[in-house]
């Protein structure tokens with residue numbers, strides 16, 4: 001900005017410099033206004049009018065604005081569009097600005113209200129209810145490198161949950177894919193920058209600073225009581241906390257004690273696997289069509305978030321898996337208890353996020369009410385579950401967290417009205433009887449209001465004006481209003497009324513008595529608001545003092561919701577409890593794909609179940625068969641069953657025995673990655689390389705059509721070599737789908753490899769896909785029949801069949817795939833030759849008198865025609 005800006009524009013310019021690449025919401029009265037390039041961006045995203053306001057450097061200043069009372073809705077749209085926003089609030093009133101100007105010797109007419117940036121609103125720092133998705137965690141992550149190790153700190157500040165971990169640099173993408181952060185903070189100079197990462201000073205990522213910050217936040221002398229954190233983890237935590245301080249302008253949100261995430265405790269999955277299995281989002285990017293959409297029966301947002309976390313990080317320790325399964329089994333076995341539990345849970349507010357808002361200083365009286373109601377319902381659940389005998393171990397672990405809040409709940413019940421408002425500025429949320437002084441102030445205000453109502457009736461009578469009314473607004477306060485035609489009655493000097501304002505159809509007055517009563521209301525109301533505000537802060541402090549216990553209650557309620565929801569889904573779908581062991585095997589009887597089965601059921605169709613049995617002696621299945629026959633579905637369903645089992649849930653199968661899996665790999669389908677300059681085949685090879693370098697004997701791998709993106713010989717050679725490597729080197733349990741029939745010969749040299757295929761039949765020229773898996777190699781791929789199903793024009797299909805016949809003839813005679821290709825004419829020439837043959841046959845048939853033919857002559861003609869074909 002150049003030239004001589006106005007004082008307001010100078011103030012805006014300074015704040016915009018401080019805001020950096022964030023859009024600046026500049027408070028002006030009841031609006032947040034945006035100027036210059038910010039206005040153009042916001043107007044486009046929000047679809048609001050872009051106007052101009054004055055000039056700067058001789059050019060009109062672009063401007064748009066949004067009402068303060070509706071700002072959250074507009075902020076949500078900007079954040080979803082990838083914008084970051086700085087909020088510049090007025091930090092003094094116009095009266096205070098004029099008083100300051102007077103002290104500074106500046107004309108009060110030129111007094112400019114002070115404004116400061118009070119907060120940065122970014123995708124990872126949201127706490128407001130309107131800005132968050134109820135069923136999705138909102139993660140903020142910070143990463144750094146320290147002596148060849150990556151430290152990762154992740155936090156959902158809406159609930160305060162925080163985890164620290166470290167990993168090797170090559171594992172970082174998989175870790176970030178699991179976290180699914182809305183925003184990632186990295187130090188300056190970070191290599192291989194994540195998309196839209198926020199770059200912060202490297203000094204923020206100091207392990208000493210991170211350790212000191214965590215000690216200060218949690219008021220401890222040592223972090224050993226939480227866990228043994230590495231220096232890389234503490235450095236990442238330092239970067240995370242420093243960014244939160246920056247975003248909150250020195251104020252920190254709720255941060256619970258950090259937990260250590262050990263990599264060996266969970267099944268590992270890379271980004272490609274998560275995408276191909278569509279765990280939390282489908283390939284189209286939404287929740288619909290994903291695994292979680294098919295199995296989520298949670299009745300609370302917190303439960304849905306916990307389920308998503310379970311699916312994102314399946315367990316790798318048998319005892320923990322069995323504990324979750326036992327709780328689901330317990331819920332499944334008692335439908336009445338499950339129904340009562342889900343009824344109570346359904347009415348629960350999201351106390352974890354309400355706690356986060358209150359501790360962050362962004363809470364409302366409604367949040368206080370949610371804590372009260374949520375803790376009260378938790379106590380009710382505790383009594384319901386405590387009365388049950390022979391409870392599973394995990395339930396016994398959760399029960400203590402549901403109780404112990406009696407004193408706080410009773411305090412909130414006494415202090416608050418039944419339905420506290422969302423805004424605290426207007427008061428009215430502290431219950432009658434909680435504070436005698438506040439009740440007295442309210443009585444004074446109420447008495448004055450009653451006096452004003454009586455005054456209105458008296459003035460109507462005295463002036464003989466039935467239409468006279470006493471009204472109130474934010475500018476004039478209380479005033480008397482009469483229609484213009486009756487104004488003369490109140491204009492007389494001795495009438496006791498003072499003229500205030502003339503409107504188009506009415507005139508407004510004041511009186512000494514009204515002024516006195518209005519002053520009583522204002523004074524009492526002001527004192528009452530101050531008293532309520534004081535009580536609000538006291539209640540927030542009482543809640544904050546128990547933040548960890550309340551967070552534990554929220555976590556216990558979420559876990560119960562997940563277990564009850566899983567039991568409900570298992571009951572609806574006739575799912576089974578999987579058996580989990582340390583054996584290197586996988587035995588699934590009548591397994592189904594949960595997403596595909598649900599989609600078919602919605603259309604009244606039935607899913608065809610299939611078995612899968614992998615063991616040390618039969619650990620690699622080579623699966624052939626036609627396209628659309630169900631190979632990819634079979635591969636994915638088994639991977640999903642393994643994932644669901646180790647997440648602690650029941651699975652869509654008649655029975656399932658899962659040998660624990662340390663890493664799950666899925667290379668099913670691929671697409672171009674243009675941002676990284678990678679073709680489809682390159683993406684496929686990168687994913688395959690990751691599997692070959694990382695998969696272990698305890699891993700489960702599914703591979704679909706390796707090598708299809710290049711020439712036939714190259715593709716076959718790669719597929720062959722990859723299958724051999726997995727069999728001989730990685731020795732992982734593996735399902736390998738392919739169309740290369742030549743690979744069936746691998747069964748001769750690989751003793752732990754077996755051949756399987758999905759069945760199909762041709763009936764009267766049409767392909768019938770049975771979706772059933774059988775032993776043995778596939779005899780053909782039915783590609784032409786699938787092409788016909790897809791609507792490929794008949795001449796093309798016919799020509800393809802001719803080419804295929806030549807290729808197969810050449811292979812049979814010489815053993816080479818390309819043999820016989822030289823004899824193939826061009827498409828047009830081939831079609832002409834076929835048409836000439838058809839014409840010759842047509843002429844012969846047209847010249848035959850069918851009625852004059854003897855049986856012997858008819859048979860001879862038939863032989864002759866067959867020879868010509």
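Including glycine, each Cβ sits where the backbone N, Cα and C put it.
Noted in TrEMBL for the protein shown:
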type    : residues                               : note
BINDING : 625, 626, 627, 628, 629, 630, 631, 632 : ATP binding site
DOMAIN  : 699-715                                : domain 'DNA mismatch repair proteins mutS family'
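A simple way to gauge crowding: the CB of residue 632 (ATP binding site) has 19 other CB atoms within 10 angstroms, across all the protein chains here. The Cβ of residue 625 (ATP binding site) lies under 8 Å from the Cβ of 631, 757, 758, 759, 760, 778, 781, 782, each of which sits 6+ residues away along the same chain. Cβ neighbour count for residue 627 (ATP binding site): 21 (other Cβ atoms within 10 Å of its Cβ, all protein chains included). If you count neighbouring Cβ atoms within 10 Å for each of the binding-site residues 626, 630, the highest count belongs to 630. Across the domain 'DNA mismatch repair proteins mutS family' (699-715), DSSP assigns 4 helix, 5 strand, 8 coil.
Taking all protein chains in view, 18 other C-beta atoms sit within 10 angstroms of the C-beta of residue 628 (ATP binding site). Taking Cβ-Cβ distances under 8 Å and a sequence gap of 6 or more within the same chain, the neighbours of residue 629 (ATP binding site) are 758, 759, 760, 769, 770, 771, 782. Each residue in 633, 758, 760, 769 lies on the same chain as 625, 626, 627, 628, 629, 630, 631, 632 and has a C-beta within 8 Å of the C-beta centroid of that ATP site, without being one of the site residues.
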